[in-house]
Ligand SMILES: Nc1ncnc2c1ncn2[C@@H]1O[C@H](COP(=O)(O)OP(=O)(O)OP(=O)(O)O)[C@@H](O)[C@H]1O
Ligand SMILES: CC(C)(CO)[C@@H](O)C(=O)NCCC(=O)O
Ligand SMILES: [K+]
């Protein structure tokens, strides 16, 4: 069985797969100081709670936080006796070579999203991921990552307003019924929600213009459904794109003999 780990700047998600069959997802916040033993305590409690007979033989990790990888490696070795595949490390093969400036380290989550999206939709894509950052990944006709856009995440923008302005409260995102807010909370929600609708529309339109061939726009990430409801921003929504991408990269490495 495969344990796929997607470690973002805010949240860390584990998902367990029996071959192609998805078994469960476990979510915790990302902490670079969490030890291998602490991961196992948390993991084994939840696996038991869900009644899953997890016999993990393989582990794959994508981490946007380099410092957590050490403890996750120890976790995989100590509790499952395996050497994990770490996306972005030279020993982990990718189905494509990113076409970016020399020396650029593309975020592993973006490489994983690229692999997952290409597997499901083929090439010529824009993948929009609403995580800590809002990222746009351009996937070429052959499945290669060829660049993109990084914008501040929705929750980060809301938090920044609260932190920087004494009179602005912390507000959760939601879709406002109108644009003109008549109280502070509505004004902030309107600014961030409609601001992101505009941001996504403008960036996708400019990417398409520059790319010069028809493209599909695929959305993923916790907040994607909220934006999906509004306007026709996306052609498809993929709830588990990063996890799917991890299984694709794992399979590719199995088939090509790197694990
Ligand atoms: N309607 C909503 N309002 C506020 N937050 C939401 C809503 N729906 C989902 N979320 C949040 O979205 C987050 C899930 O997002 P996702 O896993 O894509 O990225 P993340 O964990 O925020 O970022 P990263 O992967 O960079 O750590 C969760 O924290 C969840 O609480
Ligand atoms: C942009 C984030 C933070 C999104 O999770 C991550 O992909 C990252 O740290 N990227 C590194 C820089 C880059 O992708 O070009
Ligand atoms: K994410």
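Each position is counted from 1, following the chain as shown.
Note: Cβ is positioned from N, Cα and C throughout, glycine not excepted.
Secondary structure at residue 12 (ATP binding site), taken from DSSP and collapsed to helix, strand or coil, is strand. Annotation comment: TrEMBL describes 6, 7, 8, 9, 10, 11, 12, 13, 132 as ATP binding site.
For 107, 108, 109, 110, 184, the entry in TrEMBL reads substrate binding site. Residue 184 (substrate binding site) falls within a helical segment according to DSSP. Sequence-distant contacts (6 or more apart, same chain, Cβ under 8 Å) of residue 184 (substrate binding site) comprise 167, 168, 169.
Every protein chain shown contributes to the tally, and the Cβ of residue 109 (substrate binding site) ends up with 28 other Cβ atoms within 10 Å. Taken from TrEMBL, the feature active site, proton acceptor applies to 109.
Cβ neighbours within 10 Å of residue 129 (K(+) binding site), excluding its own Cβ and spanning all shown chains: 29. In the three-state DSSP scheme, residue 129 (K(+) binding site) falls into the strand class. Marked as K(+) binding site by TrEMBL: 129.
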All-chain count of other Cβ atoms within 10 Å of residue 6 (ATP binding site): 27
Contacting binding-site residues, sequence order - 6, 10, 12, 129, 132 vs ligand 1, Cβ under 6 Å: 10, 132
Binding-site residues near residue 6 (ATP binding site) (Cα-Cα within 10 Å), from 107, 109, 110, 129: 109
Listed binding-site residues among 8, 10, 107, 108, 110 whose Cα sits within 10 Å of residue 129 (K(+) binding site): 110
Close in space, distant in sequence - residue 132 (ATP binding site), Cβ under 8 Å, 6 or more apart: 8, 9, 10, 64, 153, 155, 156
Candidates 8, 107, 108: member of the binding-site residues with the richest Cβ shell (10 Å): 108
